[in-house]
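Read through the structure below, which is laid out as structure tokens, and then see the notes.
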Amino acid sequence: MGSSSFLVLMVSLALVTLVAVEGVKKGIEKAGVCPADNVRCFKSDPPQCHTDQDCLGERKCCYLHCGFKCVIPVKELEEGGNKDEDVSRP
């Protein structure tokens with residue numbers, strides 16, 4: 001293998017690695033949407049998650065009740081939120 005072929009191979013591998021790492025950093029968003037949150041907060045709680053990948057199963061990382069937490073997503077956001085469902089319980 002010539003030195004120019006080796007250089008092209010190394011540059012290609014570096015680019016593929018950078019693209020893959022960026023995809024992992026951004027994370028894959030899970031299905032569903034975060035429930036409506038109509039709570040006004042004076043102080044935010046410490047985050048329990050940062051991305052959907054931090055949450056187990058189908059749960060999503062959503063800002064709800066003054067902080068980011070893993071919650072069960074809703075299929076679509078209803079006007080006024082889902083008042084009948086307590087989605088913050090594990």
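Cβ coordinates come from backbone N, Cα and C, glycine included.
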Problem - Among Cys34, Cys41, cysteine joined to Cys66 by disulfide in Swiss-Prot - result: Cys41
Practice task
Just choose from Cys62, Cys70 the cysteine that Swiss-Prot connects to Cys34 via a disulfide.
Solution key: Cys62
Practice task
Using DSSP, break the domain 'WAP' (27-74) down into helix, strand and coil residues and give each count.
Solution key: 3 helix, 12 strand, 33 coil
Exercise for the section: Report, as a single number, how many Cβ atoms besides its own are within 10 Å of the Cβ of Cys49 (disulfide bond). Expected result: 18
Exercise for the section: Express the distance between the Cα positions of Cys66 (disulfide bond) and Cys49 (disulfide bond) as a whole number of Å. Expected result: 13
Handout entry: Candidate with sparsest Cβ neighbourhood (10 Å radius) among Cys61, Cys66, the listed disulfide-bonded residues
Key = Cys66
